[in-house]
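Right, one structure below, let's go through it.
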Amino acid sequence: MSQTRGKYDFCIGLVLAMSSSIFIGGSFILKKKGLLRLARKGSMRAGQGGHAYLKEWLWWAGLLSMGAGEVANFAAYAFAPATLVTPLGALSVLVSAILSSFFLNEKLNLHGKIGCLLSILGSTVMVIHAPQEEEVETLDEMSHKLGDPGFVVFATFVVIVSLILICVVGPRHGQTNILVYITICSVIGALSVSCVKGLGIAIKELFAGKPVLKHPLSWILLLSLTVCVSTQINYLNRALDIFNTSIVTPIYYVIFTTSVLTCSAILFKEWQHMAADDIIGTFSGFLTIIVGIFLLHAFKDVNFTLANLPLSLRKDERAANGTLLSTYDSFNDEESSACLGEMQSTESLSARRNGSLSAF
């Protein structure tokens with residue numbers, strides 16, 4: 001019975017995670033269109049610290065879409081391990097890239113399509129070989145996990161790095177370096193996922209009739225999640241306003257996923273009982289996703305499609321035969337030049353002779 005229940009929870013978590021990716025991928029497009037409309041109106045941009053986007057309905061539609069995606073994501077974490085839910089976030093990259101090509105005129109070339117395919121394949125491999133987290137059924141067990149020295153050190157490091165990026169690095173380099181704002185969102189996102197996992201357990205206990213609201217950890221997790229999500233929204237808006245959506249989305253995914261997997265491994269000790277093939281499969285899947293995302297955005301300005309492929313092959317064939325052709329052409333050019341020189345010499349000699357005769 002427990003095995004059947006586990007498969008049922010797995011399917012629910014999988015469907016919720018995929019739905020979350022669709023909503024979140026669409027939210028990037030809606031927010032970007034709202035920010036572009038504000039830029040055309042001359043309002044202070046979000047990247048410069050402006051908050052005029054709060055009056056734009058498209059931005060609010062994107063926020064609601066992201067909220068729906070986060071709710072689905074929240075529920076997915078309650079039913080499935082974080083290492084199953086998080087890699088499926090690559091689908092949001094796929095959705096965002098496809099929608100950007102239709103609604104933001106950001107072309108998706110052949111490299112981008114291959115990158116999307118690789119992201120999906122890599123996510124599938126990671127799901128198959130995903131490590132199983134330790135079972136945490138109650139808030140007391142979650143409290144014990146959060147108090148582990150390893151996680152305390154990790155959380156302290158994340159908070160310190162985030163504060164340095166927000167207070168020192170962000171004002172100086174946030175407008176020019178895409179990694180600054182995205183790193184803030186990503187590392188804080190690792191803590192927000194932990195809060196979501198804990199709140200998911202609290203909601204399960206609440207439905208079971210346990211006095212969850214009297215447990216202080218529930219309110220601590222809720223407050224921490226509010227702070228983390230608010231910070232993520234703020235700096236993600238700045239990154240989207242300054243940089244291209246097709247660049248922001250994949251880089252955010254890579255750093256965010258790395259942070260969440262690291263946090264989950266430290267918090268739930270997932271990697272201790274993994275077989276060697278599962279470890280290799282997990283890393284291979286993640287590297288495949290990274291390669292796919294690199295192809296998706298690194299060659300986004302290269303106008304290369306399937307229609308151009310035969311032309312490229314013909315160019316390669318001409319390049320392969322270029323040495324022989326150039327030698328033959330140079331030989332013909334030498335012969336032609338020699339013949340032309342002889343003809344010019346003959347003509348000039350005849351002209352001189354005719355000129356001399358006419359002088360007489």
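Cβ from N, Cα, C; glycine included.
Annotation comment: TrEMBL describes 12-30 (among others) as transmembrane segment.
TrEMBL lists 57-79 (among others) with the feature transmembrane segment. Taking Cβ pairs closer than 8 Å, the transmembrane segment (57-79) reaches residues 9-10, 12-14, 16-17, 19-24, 26-35, 37-38, 85, 92, 193, 196-197, 199-201, 203-204, 229, 233 in its own chain, all 6 or more past its ends.
Per TrEMBL, the feature transmembrane segment maps to 85-104 (among others). Residues 13-14, 17-18, 20-22, 24-26, 28-29, 32-33, 36, 69, 73, 76-77, 112, 115-116, 119-120, 122-123, 126-127, 130, 193, 245-246, 249-250, 253, 256-257, 260-261, 264, 285-286, 289, 292-293, 296 of the same chain sit 6 or more residues outside the transmembrane segment (85-104) yet have a Cβ under 8 Å from a Cβ within it.
Positions annotated as transmembrane segment by TrEMBL: 111-130 (among others).
Positions annotated as transmembrane segment by TrEMBL: 150-171 (among others).
The list of residues near the transmembrane segment (178-203) in space but at least 6 beyond its ends in sequence, with Cβ under 8 angstroms from a Cβ of it, reads 73-75, 77-79, 82, 86, 136-139, 142, 146, 155, 158, 161-162, 165-166, 169-170, 212, 215, 217-218, 221-222, 224-225, 228-229, 231-232, 235-236, 238-239, 242-243, 247-248, 251-252, 255-256, 258-260, 262-264, 267. Annotation source TrEMBL lists transmembrane segment at 178-203 (among others).
Remote same-chain partners of the transmembrane segment (215-235), defined as residues 6 or more beyond its termini with a Cβ less than 8 Å from a stretch Cβ, comprise 63, 66, 70, 139, 142-143, 146, 162, 166, 170, 181-182, 184-185, 188-189, 191-192, 195-196, 198-199, 202. Summarising the annotation, TrEMBL assigns transmembrane segment to 215-235 (among others).
Marked as transmembrane segment by TrEMBL: 247-267 (among others). Sequence-distant contacts of the transmembrane segment (247-267) (same chain, six or more residues past either end, CB-CB distance under 8 Å): 25, 28, 81-83, 86-87, 89-90, 92-93, 96-97, 131, 133, 145-146, 148, 150-151, 154, 158, 178-179, 182-183, 185-187, 189-191, 193-194, 236, 239-240, 286, 289-290, 293-294, 296-297, 300.
Packing against the transmembrane segment (279-299) from elsewhere in the chain are residues 83, 87, 90, 93, 97, 109, 111-112, 114-131, 244, 246-247, 250-251, 253-254, 257, 261, 271: each is 6 or more residues past its ends and has a CB under 8 Å from a CB in it. The transmembrane segment feature in TrEMBL is assigned to 279-299 (among others).
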Spatial neighbours of the transmembrane segment (111-130) far in sequence, C-beta under 8 Å, 6+ residues away: 14, 81, 83-84, 87-88, 90-91, 93-94, 97-98, 246, 277-282, 284-300, 302, 304
